[in-house]
Amino acid sequence: MNFGRGPSVVLNVGGTRYSFSREVLKDFPLRRVSRLHGCLSEQDVLEVCDDYDRERNEYFFDRHSEAFGFIMLYVRHGHLRFVPHMCELSFYNEMIYWGLEGSHLDYCCQRRLDDRMSETCTYYAAEEPNGGPEGKGRRPPGAEGRKKWLERMRRTFEEPTSSVAAQVLATVSILFVIVSMVVLCASTLPEWRAPENRSVEEQSRYTAESVREPSGIIEAICIGWFTAECIVRFIVSKNKCEFVRRPLNIIDLLAITPYYISVLMTVFTGENSQLQRAGVTLRVLRMMRIFWVIKLARHFIGLQTLGLTLKRCYREMVMLLVFICVAMAIFSALSQLLENGLDLGTKNKDYASIPAACWWVIISMTTVGYGDMCPITVPGRILGGICVVSGIVLLALPITFIYHSFVQCYHELKFRSARYSRSLSAEFLN
């Protein structure tokens with residue numbers, strides 16, 4: 001520490017004092033406390049804390065003392081949990097003040113914080129490490145301008161309602177998705193498909209020349225747009241590793257990559273004798289363009305709400321699948337035994353095995369009931385009625401949790417969209 005005297009310093013947080021040595025403050029886990037080590041004057045100190053006593057070398061912070069005690073437990077033991085009987089958002093506000101993030105919380109508390117923020121539609125922004133006018137002055141010339149430009153580009157590509165340019169870009173992207181889907185659907189019409197009785201050489205020439213057809217040109221233009229959009233979004237992203245791990249970006253990669261693979265396979269296969277096998281692979285790869293429909297989730301709140309609900313309710317979804325699998329195993333075994341396993345004079349060939357009976361169980365529990373399989377014995381029909389009622393009950397149990405999470409996610413995304421719409425209105429006024 002370049003300011004103050006004495007071998008130790010005292011932090012007074014809401015009336016509770018903590019004593020530390022000067023060297024400990026240099027690499028202290030809390031960013032606000034570690035900033036005290038680089039203070040050169042009393043003015044710098046007062047930008048970090050609320051008051052300073054030169055005689056006692058004591059720094060006063062007008063913050064929640066009990067919350068800071070739990071934060072100090074994290075500094076010592078590495079586990080951060082909420083203070084009992086304290087609002088999660090208030091404690092999270094204390095965390096941000098001291099330089100911590102939601103990821104520092106234990107997993108159970110992270111879930112509580114996410115639910116609480118979803119209910120109240122509250123958003124917090126972490127404090128910049130170089131905040132304040134003096135912090136900005138230490139940055140290299142032009143760094144602030146580049147950062148603002150990258151942030152504007154990122155918001156333009158990631159948030160369709162953040163600006164006029166973002167809305168235009170989103171509209172163009174939607175048009176490309178619609179055009180690519182129309183071309184994909186039209187390519188399956190009999191008039192567009194290549195005759196099946198072509199020879200191997202004709203198939204080779206057709207595959208090589210298909211890129212030069214109107215549908216191939218349109219497909220190449222759409223792929224070029226999606227590729228350029230994905231590259232620009234990757235360049236302007238803050239965290240490259242997080243960008244690659246996002247589900248929508250993975251879907252973009254799965255939608256773009258098959259086109260380039262099919263082009264490479266067409267170039268290198270030529271008139272090879274294995275062209276028939278390669279042709280099947282090419283058709284599969286071309287059909288993977290259906291993933292482009294999911295790209296619309298970037299521009300529609302409904303699809304975003306569905307994805308966010310599935311992400312937050314994965315435990316409830318797993319529980320629902322477990323319920324169905326357990327019931328399916330029990331009812332399929334009993335139905336196979338009653339319809340085919342016992343010598344009751346009538347054997348139902350549709351229930352010859354347990355895997356075959358699983359199909360009847362799943363369509364009965366989901367109340368679809370195609371009628372392609374049905375029990376013919378009295379015990380089998382009684383079991384079928386129990387199976388249908390059990391399916392209704394088991395499917396209804398987790399639905400309430402999923403519904404409430406869906407409503408919370410919808411209001412959260414609606415709030416964020418309204419916030420960007422307000423910034424868009426300010427842009428029009430300016």
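The backbone N, Cα and C atoms fix where each Cβ goes, glycine too.
It should be emphasised that the depicted structure is a prediction, and the values quoted were computed from it without experimental measurement.
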> To which of the residue ranges 80-100, 290-310 does TrEMBL assign the term transmembrane segment?
Replying inline: 290-310
>> Does the transmembrane segment (290-310) come close to the transmembrane segment (382-406), meaning at least 3 CB pairs under 8 Å for residues 6 or more apart?
In response: yes
> Looking only at the domain 'BTB' (7-116), what are its DSSP counts of helix, strand and coil residues?
Replying inline: 57 helix, 19 strand, 34 coil
